[in-house]
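The structure appears right after this line, and notes come after that.
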Amino acid sequence: MAIERTLSIVKPDAVAKNVIGKIYDRFESNGLKIVAAKMKHLSRREAEGFYAVHKERPFFNDLVEFMISGPVMVQVLEGENAVLKNRELMGATDPKKADAGTIRADFAESIDANAVHGSDSLENAAIEIAYFFSATEVCPR
């Protein structure tokens with residue numbers, strides 16, 4: 001099995017609900033290690049840059065507004081098949097369609113306020129990790 005890294009963000013809605021620890025427990029209980037983490041309040045520029053791939057999509061402005069509405073918790077997860085494992089733990093983007101027991105089914109309110117972000121591929125994980133963390137901020141365990 002391949003040890004991978006993926007980027008995860010606990011979004012403003014979940015931070016406001018004080019469920020960061022519960023979400024971290026899901027990661028760690030399922031074999032993912034947190035190898036870097038920081039809480040930050042994204043600037044508009046940071047949010048627009050991070051989600052630039054969606055710039056032409058109709059939801060882009062609402063997504064940016066939501067992501068700058070409060071602090072987020074950004075972390076790098078490491079483990080076997082980390083990208084896929086994290087996506088399975090998160091559940092479907094729309095919490096109404098997410099399987100019971102997934103992070104979004106348990107903690108998200110809507111397709112917009114959906115508690116967490118996770119990289120969708122190894123390639124994007126590398127780009128997203130580098131967006132928020134320097135190599136010296138990631139601590140292999």
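Heads up, the Cβ atoms here are built off N, Cα and C, so glycines get one too.
Per Swiss-Prot, active site, pros-phosphohistidine intermediate is recorded for H117. Around the Cβ of H117 (active site, pros-phosphohistidine intermediate), 21 further Cβ atoms fall within 10 Å across all displayed protein chains.
For the recorded site, F59 (ATP binding site), the DSSP three-state label reads coil. Just so you know, the Cβ of F59 (ATP binding site) picks up 12 other Cβ atoms within 10 Å once every protein chain is counted. Per Swiss-Prot, the feature ATP binding site maps to K11, F59, R87, T93, R104, N114; the stated evidence is sequence analysis.
Applying an 8 A CB threshold to same-chain residues 6+ apart, the list for T93 (ATP binding site) reads R104, I111, N114. Here H117 (active site, pros-phosphohistidine intermediate) is positioned 15 angstrom away from F59 (ATP binding site), judged by their C-alpha atoms. Of all residue pairs in K11, F59, R87, T93, R104, N114, the annotated binders of ATP, the farthest apart have Cα atoms separated by 21 Å.
Residue environment of R104 (ATP binding site) contains 24 other Cβ atoms, counted within 10 Å of its Cβ in all protein chains.
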